[in-house]
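Quick notes on the structure that follows.
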Amino acid sequence: MPDAVGAIDQGTTSTRFIVFDRRGTILAQAQREHEQIFPRPGWVEHDPREIWRNTHAVMREGLARAGLAPEDLAAIGITNQRETAVLWDRRTGEPLHDAIVWQDTRTDRSVAALARDGGRDRFRAVTGLPLASYFSASKLAWLLDHVEGARAKAEDGTALFGTIDSWLVWNLTGGPDGGLHVTDVTNASRTQLMSLATLDWDEAMLGVFRIPRAVLPTIVSSSAVLGEARDPFPGVPLGGILGDQQAALFGQTCFSAGEAKNTYGTGCFALMNTGPAPVASSAGLITTVAYRLDGRPPAYALEGSIAITGALVQWLRDNLGLIGASSEIEGLARSVEDNGGVYVVPAFSGLYAPHWRDDARGLIIGLTRYANRGHIARACLEATAYQTREVLEAMERDSGCPIAELRCDGGMTVNDLLMQFQADILDRPTLRPKVSETTALGAAYAAGLATGFWKTLEDLRDNWAVDKRWHPHIQAEERRALFAGWSRAVERSFGWVEENA
């Protein structure tokens, strides 16, 4: 009987394969990085062939390290960087162009032109998303318009489009020899082409971006047996697909409305389960699909993205030289009792949710002769917590549903000082799970549920365990004063970049 599940975690900088047992414990993993390609300023690309080669390699390496054979796997799940666009030839399996990565801004002008007629929110009621080059639709439109012969191939079904999950599934299940062309609802919801109401491609959106329906994958559930892998693990069921942030929500077992997680990395991604109906946002958030289990209604989510959190620590290290390694920031921040009145607003390229101010720029404010390196370090950590509070308060306003606690994952959660301050400024507990790889775990859970390796969502909840829990310690007046100072600092960051300057 199979006693493990494998998860492919295909991220922006690397690809991993992680093997989990029935308790959700990691048995083994393997990882390979891939090249970041920057053809022009603002352009970011990946080589889809390199990503597939790396995926193939880490699957074999990870399984070998676990001491298992393919027949020991009950299923394979996939989680992936979202929005990144791939276009390939179904006959040869060759990409028609390098993948255009979610960070890429080459379509800013075309998106701005669309926004002039109806504003950036003109399609939010259908897709849940503001108009932005971030999402896949404008990237696919660019590929069809700029790659020779691409539009004709798309119209006759010779060319196939997908986000990275689609590319991997197609190759895993045979490629040119009968490979499946599918994507799940979470990834489809990030293209700006899917209706949140029907969970199908929206004809009006296809018309706006001039996308032939023949090029698009079939939209499937996040947890369902899609088929069997052929290479490198013949016969192993492919049972689940989730975009990376939705996978983290699933891995944190946030299955009920009002349950939320925040992933702390270079930036932060906070998601809140809002239940079986989409919740429109008037507070600067994105409405998206959280997941859909096979044969059941979908769960929806509100999402808030924060551009700069962990990257601020890197900036202290690399640009200012205040620390020699990122791990040193906690010790430096603990060298002072508080922030000394100092605030850092990391608006290096504007502010994301909930403000969405392109004209904001970073600032350090509140400096006096008393302030020292420790105060600046502490203010940098606190900036992450303040921004997270802004997003969670927006979620509560939009949904009308209180968030009782925040489940935290990602690299920054090793910083106990940050986690304590997060609890303090939120006035609610923050929790770090024992299994830190929640994104890959979410993909494994989705796949294992589909094949019966785990029977119910309650089985997954039983697996979830707390590594550490932080409760708020500061008084209400101190909390109010700290956040008021942050709010004043944020306001002063606005308007620094003048229009047409």
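Placement of Cβ uses the backbone N, Cα and C atoms for every residue, glycine included.
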Per Swiss-Prot, Arg82, Glu83, Asp244, Gln245 bind glycerol; matching candidate in Tyr134, Tyr300, Tyr343: Tyr134
Same-site residue for ATP (record: Swiss-Prot; known: Thr12, Thr13, Ser14, Thr266, Gly310, Gln314; options: Gly118, Gly119, Gly162, Gly411): Gly411
Thr266 (ADP binding site) versus Gln314 (ATP binding site) - Cα distance in angstrom: 9
Thr13, Ser14, Arg16, Gln245, Gly411 filtered to the binding-site residues whose C-alpha is within 10 Å of Glu83 (sn-glycerol 3-phosphate binding site): none
DSSP state at Ser14 (ATP binding site), helix/strand/coil: strand
Which same-chain residues, if any, lie at least 6 apart from Gly411 (ADP binding site) yet have Cβ under 8 Å of it: Tyr264, Gly265, Gly310
Shell list (sn-glycerol 3-phosphate; ref centroid = CB of Thr12, Arg82, Glu83, Tyr134, Asp244; cutoff 8 A): Gln81, Thr84, Val101, Trp102, Arg190, Gly243
